[in-house]
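Per Swiss-Prot, heme b b562 binding site is recorded for His83, His182. Swiss-Prot lists His97, His196 with the feature heme b b566 binding site, giving similarity to another entry as the kind of evidence. The ubiquinone binding site annotation in Swiss-Prot covers His201. Under the heading transmembrane segment, Swiss-Prot lists 33-53, 77-98, 113-133, 178-198, 226-246, 288-308, 320-340, 347-367.
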Amino acid sequence: MTNIRKTHPLMKIMNSSFIDLPAPSNISSWWNFGSLLGACLAIQIITGLFLAMHYTADTTTAFSSVTHICRDVNHGWIIRYIHANGASMFFLCLFIHVGRGMYYGSFTMLETWNIGIILLFTVMATAFMGYVLPWGQMSFWGATVITNLLSAIPYIGTVLVEWIWGGFSVDKATLTRFFAFHFILPFIIAALVMVHLLFLHETGSNNPLGISSDSDKIPFHPYYTMKDLLGLLFFLILHLTLVLFSPDLLGDPDNYTPANPLSTPPHIKPEWYFLFAYAILRSIPNKLGGVMALVLSILILTFIPMLQTTKQRSMLFRPLSQILFWILTADLFILTWIGAQQVEYPFITIGQMASILYFSIILIIMPTVSLMENKMLKW
């Protein structure tokens, strides 16, 4: 009798994706972050659903409803903090996942890479809109500042901003539509994840060596299901430690003050995972230039496959490229730090230098160094 998982129309798809999937035998723990992102998405959708049952998307009651969730709803406080810190864990896994793709040359799988970039933009949009919902000071002013950037678009900018706001300022209409989008986008993300996996399974996974693994495959289950479960265990330990011991560590104290359009916080800044892009935005004195740099800071990932000059796919045996990769990582840490600082000397200068370095490494230095490595290896 044939196994049901190989014949049933639905189970057949699951089987070929997660059980009998031929996987390279040498993929390391850096490949765990894909499954962790799936776990993050599931956690966010489930906790978000329970929060939406008690939340009210109205400017007069939004802040109170979040307080009500934390004080009066059974286990509401932990659901709220799992959701809020889940976003931070989501982005931590996302950044590592993208970094791994750059390091080991996974960007050569063009469809998978480009869908991944679309996913990154969608997750960023979802997180931004979610940050507005508690209707605290930083929620309100963050929404005002970031949406106002669209007014830099020539000719249609002002109309576009007022259209997004649903009026002449961030108000009830804005909050209602942001809640609607914040609710629907995770399901769109889930659909995009399916497309991401579809394209990934067309080519098969990359591996640390960056060479074809067709001659040495192992079934996904039990080897990588166990490995992913171990990764998930470590992830949950870190996540729950954050939730139970320091739930407000990554948040902003200003968001515990109800939104007040008449009082501007001394320093408007987004959540930590947007700070690097925010620092790049602020490092350019011109508004339109800043917005373009902000978009390019993520969109630049689409250029990486076109800028690849190396004959080796992975950076595993390319020490110069490795050094550059870690300089780029350090540069992103510096940009994140600068994004959280006041707009004053010396932070302005440091931010500008770090922004120039960020674009230079990706667009100029890395392709040049890769050509040098080809010469050194006589390729």
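Cβ atoms here come from the backbone N, Cα and C positions, even for glycine.
Owing to the predicted nature of the structure, the values given are computational and were not obtained by experimental measurement.
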Original post:
Compared by Cα position, which of the binding-site residues His83, His182, His201 is the closest one to His97 (heme b b566 binding site)?
Top reply: His201
**OP:** For the residue listed as 'ubiquinone binding site', write down the residues of its own chain that are at least 6 apart in sequence and whose Cβ falls under 8 Å from its Cβ; none is a fine answer.
**Re:** Ser16, Ser17, Leu21
**OP:** Write down the Cα-Cα distance for His196 (heme b b566 binding site) and His182 (heme b b562 binding site), rounded and given in Å.
**Re:** 21
Subject >> Under 8 Å by Cβ from His196 (heme b b566 binding site), counting only residues of that chain that are 6 or more apart >> reply: Thr112, Ile115, Gly116, Leu119
Subject >> C-beta crowding around His97 (heme b b566 binding site), within 10 angstroms >> reply: 20
Original post:
Which residues of the same chain, at least 6 past either end of the transmembrane segment (113-133), have a Cβ under 8 Å from a Cβ in it?
Top reply: 55, 57, 62, 66, 87, 90-91, 94, 97-98, 101, 106-107, 139-140, 142-143, 146, 174-175, 178-179, 181-182, 185-186, 188-189, 192-193, 195-196, 199, 270-271, 273-274, 298-299, 301-302, 304-305
Original post:
Are the transmembrane segment (288-308) and the transmembrane segment (347-367) close, by which I mean at least 3 Cβ pairs under 8 Å that are 6+ residues apart in sequence?
Top reply: yes
Original post:
If you count Cβ atoms within 10 Å of the Cβ of His83 (heme b b562 binding site), leaving out that atom itself, what do you get?
Top reply: 21
Subject >> Same-chain residue ranges lying at least 6 outside the transmembrane segment (226-246) that approach it to Cβ under 8 Å >> reply: 29, 32-33, 35-36, 39, 78, 81-82, 85-86, 88-89, 93
